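Annotation source TrEMBL lists domain 'Major facilitator superfamily (MFS) profile' at 15-396. What TrEMBL lists as transmembrane segment is 17-44, 50-69, 81-99, 105-126, 138-163, 175-195, 216-239, 251-274, 281-301, 307-328, 348-364, 370-390.
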Amino acid sequence: MDNRIDQSLLNSKHLRWLLITGVILVGANLRIPLTSAGALVSFIRDDFGISNALAGTITTLPLIAFALLSPFAPKIANKIGMELTIAISLLLLITGILIRSAGGITLLFTGTLMIGLAIAVGNVLIPGIIKMNFPYKIGLMTGMYAIIMNVFGALGSGLSIPIATSGNVGWRGSLIIWSGLAFITLLIWLPQLTKKHAGKKKLNNQNIGGMLRSPLAWKITLFMGAQSLIFYTLITWLPTILTANGYDIKLAGWGVFIFQFASIPFTFIIPVIADKMKNQVPIAIASSGMILGGVLGLFAGFSDLSILWIIMLGAGNGSAFSLSMMFFTLRTNDGYEAAELSGMAQSFGYLLAAVGPVMVGGLQDLTGSWALPLTMLAVFSAVMLVSGMASGKNKQVSNHS
C-alpha cells in the first residue's frame, strides 16, 4: 500500500514538473514563429517578387488571427479541456510552420494564418492554466513564461538571417527549423492529457456574457489594448523615428533591439512583485509613466538622450505587458474565468495592434512629420495610465458586472 502511495506521489511530482516545463516551452513558441518571419520579410518578398504591402501582411495576418480567435479559445477549452486544446494548437502550429515554407505564395499565407490561430490559443489559455495549477505561484510562473516568450522572440529576430544565409539553408529552412521546438513542446505537453479532470468545465451563457458586462474587464482590456498598440507601433516605426531625429540608419536599427532587450528583466520581475502586492496601482502608474516619458522624449527630439528614451519605452512596455498577464489571473476566481478575460482583452488588444502601425504611418504620410503620430502614442499612454489605475485595484471582474 505504501509503495503504491509513494509511486502515486512520484508520478504526480513528475507530471507537475512536466507541466512547468510545458508552460515555459509553450511560451517559447508564442513569438518565435512570428519574429523569425519578420526578420526574413525582405528575403520572402524578393523570392516571390511581391510588393512591400503584400509582404507586410506576413506579420499583420497573425495579429488579425489573434483578434478573431481569442474570444473563442476559452469556449473551445470549456468543451474539450484546456490541456487538449493546447495540444491541438501545438499540432496546428507545427503544421502551419511546415506548410508556410513548403511551396508557393498560397501555402505561405495559409501556413501563416494557421500559425496565428495556433498562437492565439496559447496566448489566451496559458494564464488560465497558471491560475488553475499554480494558485500560490502565479507571479513566478507568469514571470518565467513571459521572459521566455520575449527571449525566444528576440532570438527569432537575431538568428533567422544568419541561419538563412548559412550554406543553402535559405529562408524556408530558417523558418522550418522552429517546427522542431514546437514538436518537442508537444511531446512534453502530451502527459497532461492523462489528467482526470481534463480541464473541463461547463459555463453557461450568463457566465460568458457577464465578462462583457463587467466594467473592470473592459478597463483591463483597454489597458492591454493601448499597450499592444504602442508596442507594435514602436516595433514597426522606431528606427524611422530615430532616423528623423538624426540617427544613422544602422544605429537606428539597433534601437528596436535595445527596446526589446530593456523589457526582458521587467517581464520577469513585475509579475513576482505584483503577486505580493494588495493592489497593483503603483506598477500601473510606473509602467504607463515610463512609456509616456519615453514618447515625450522622442517628441522633444533630444537625440543625445535617445538611448534613455528607448530604455524607458522598453522597460515600460515590458512592465505593462506582464502586468496585463497578471490582471487575467489576479482579477478572476478560477482558470476558466482567467481564460475568458484573457480572450476578451487579447482580441481587442491585437485588433488595435494590427491597426496601430497603419494609423501612425498614415498620419506621418498626411502631415510629413512625426509630431502628430507621437502625440497619438502619448494619448494612448495616458489611456494606459487611467485604465491601469482602475484595473490595479484589488477587485474581481465577477463582482463588477
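Placed from the backbone N, Cα and C atoms, the Cβ positions cover glycine too.
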Of the listed stretches (138-163, 216-239, 281-301, 348-364, 370-390), which one yields the highest count of Cβ-Cβ distances below 8 Å with the transmembrane segment (17-44)? 138-163
With the transmembrane segment (281-301) as the reference, find which of 50-69, 105-126, 138-163, 216-239 contributes the most Cβ pairs under 8 Å. 216-239
Would you confirm whether the transmembrane segment (50-69) and the transmembrane segment (105-126) meet the contact rule of 3 or more C-beta pairs below 8 angstroms, pairs 6 or more apart in sequence? yes
Best-packed against the transmembrane segment (251-274), counting Cβ pairs under 8 Å over 138-163, 175-195, 307-328, 348-364, 370-390, is stretch 307-328
Can you say which of 105-126, 216-239, 307-328, 348-364 has the most Cβ pairs under 8 Å with the transmembrane segment (138-163)? 307-328
